[in-house]
Amino acid sequence: MTTILKHLPVGQRIGIAFSGGLDTSAALLWMRQKGAVPYAYTANLGQPDEEDYDAIPRRAMEYGAENARLIDCRKQLVAEGIAAIQCGAFHNTTGGLTYFNTTPLGRAVTGTMLVAAMKEDGVNIWGDGSTYKGNDIERFYRYGLLTNAELQIYKPWLDTDFIDELGGRHEMSEFMIACGFDYKMSVEKAYSTDSNMLGATHEAKDLEYLHSSVKIVNPIMGVKFWDESVKIPAEEVTVRFEQGHPVALNGKTFSDDVEMMLEANRIGGRHGLGMSDQIENRIIEAKSRGIYEAPGMALLHIAYERLLTGIHNEDTIEQYHAHGRQLGRLLYQGRWFDSQALMLRDSLQRWVASQITGEVTLELRRGNDYSILNTVSENLTYKPERLTMEKGDSVFSPDDRIGQLTMRNLDITDTREKLFGYAKTGLLSSSAASGVPQVENLENKGQ
């Protein structure tokens with residue numbers, strides 16, 4: 001069976017991921033007029049720029065949908081976001097600033113929950129607004145087929161008939177008006193924005209050019225911290241984790257993770273925390289550029305990693321970072337539910353996150369400028385008395401350290417012999433001016 005349909009399957013049910021924007025509105029109306037039976041599915045991901053979710057399915061019905069459903073994905077989205085924090089599943093960083101994979105997390109939830117809803121309605125053909133150059137077309141493809149093995153894919157934006165008739169936003173707007181819908185195009189921005197309650201992505205258009213900076217972006221989850229006229233007073237915030245799970249902010253305990261994330265967004269957003277400018281590698285190996293917001297994710301991530309470094313040993317922390325980067329890349333590629341990702345998630349949540357219990361107090365200032373004021377945990381292996389510089393009882397003596405250093409002579413001797421071997425073969429210069437250790441020929445020392 002052909003998985004991807006190049007032309008409209010007339011007379012068949014087609015599920016469309018319906019945002020209510022111009023593109024999906026025109027596509028739904030066009031499919032109905034051409035003889036398909038469209039079903040509209042809208043994901044409530046807690047998008048910060050969406051004012052009225054309930055109105056979206058109503059508009060879909062007006063445009064010809066056979067049925068329209070609003071699927072609440074917020075609880076699952078936050079659960080996956082917390083899992084990503086527990087695992088450090090982030091692989092794109094620039095200058096210490098992290099992209100929190102908020103769009104890939106949203107696609108993992110949308111791609112599974114919407115297709116599951118379609119399957120309930122007997123809809124086995126799915127369309128969405130992703131383009132052939134981006135990451136989402138592959139993410140949705142993978143998650144859709146994982147959820148429904150019988151799924152077929154139809155995308156109007158890959159159908160030459162649709163493109164010939166309605167190839168641009170102006171043509172789509174004229175089409176809607178001609179069909180009796182007073183649909184006016186929204187004012188064109190200098191970039192495109194996609195968001196969910198974990199974060200926002202700003203990309204394309206002017207932002208494709210690296211001389212266009214973050215300063216052209218109007219944040220939807222934070223503030224213009226780079227604008228000196230924007231007053232941002234410093235603020236102390238306390239974050240508490242229990243067994244790797246964020247449970248309290250500023251002493252207020254949350255039983256609802258969605259409400260906790262919304263409050264974390266409000267706190268971090270007041271300062272512009274978690275905003276970053278990234279050049280990344282798309283799934284197809286081409287580079288793209290995005291400016292990201294994720295105030296709540298950033299706040300939780302900072303507190304989580306502070307506890308992590310005080311609780312776990314060096315090798316565990318190293319594995320957390322290495323496996324987290326690997327898992328972040330799998331998430332980015334649309335493989336969040338693949339076996340290799342599940343294996344990494346299980347080990348990180350079981351052996352790392354389970355011990356993260358405690359409280360971190362931060363002072364937030366402008367943007368990503370913050371200070372850690374206090375760290376408290378019953379699981380801390382950081383114990384200042386072990387290494388205090390003050391006189392008193394110690395867990396080891398000067399003689400103990402002399403013995404430990406003496407044992408280092410073995411590997412120091414081995415390393416020195418290797419350096420001499422490298423110099424002998426020309427890989428290293430024996431001159432101290434080269435910036436490498438000066439290698440002395442011990443064999444000829446007595447001559």
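In case you wondered, yes, glycine gets a Cβ from its N, Cα and C as well.
Feature annotations, courtesy of Swiss-Prot:
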type	residues	note
BINDING	A17, F18, S19, G20, G21, L22, D23, T24, S25, A43, G129, T131, D136, D194	ATP binding site
BINDING	Y99, N135, R139, S192, T201, E203, E280	L-citrulline binding site
BINDING	T131, N135, D136	L-aspartate binding site
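Here the candidates are the binding-site residues S192, E203, E280, and by Cα distance the one nearest G129 (ATP binding site) turns out to be S192. Note: the L-aspartate site is recorded as T131, N135, D136; in the same chain, S130, Y132, K133, G134, I137, E138, R139, F140 also have Cβ atoms within 8 Å of that site's Cβ centroid. Considering only the residues assigned to L-citrulline binding, Y99, N135, R139, S192, T201, E203, E280, the longest pairwise Cα distance works out to 19 Å.
Comparing CA positions across the binding-site residues A17, G21, D23, S25, T131, the one lying closest to E280 (L-citrulline binding site) turns out to be T131. Around the Cβ of T201 (L-citrulline binding site), 21 further Cβ atoms fall within 10 Å across all displayed protein chains. Taking a C-beta cut-off of under 8 Å and a sequence gap of six or more, S25 (ATP binding site) has these contacts in its own chain: F18, R59, Y63, M172, M176, F181, Y183. Closest in space to G21 (ATP binding site), of the binding-site residues given as Y99, T131, S192, T201, is S192, taking the CA atom of each residue. With T201 (L-citrulline binding site) as the anchor, the candidate binding-site residues are A17, D23, T131, D136, and the one with the nearest CA is D136. Cβ crowding, taken as the number of other Cβ atoms within 10 Å, peaks at S19 among the binding-site residues S19, S192. In this structure the alpha carbons, written CA, of Y99 (L-citrulline binding site) and T131 (L-aspartate binding site) are 22 Å apart. Counted within 10 Å of its Cβ, the other Cβ atoms near E203 (L-citrulline binding site) come to 19, all protein chains included.
Within the set of binding-site residues (D23, D136), the lowest number of other Cβ atoms found within 10 Å of a Cβ is recorded at D23.
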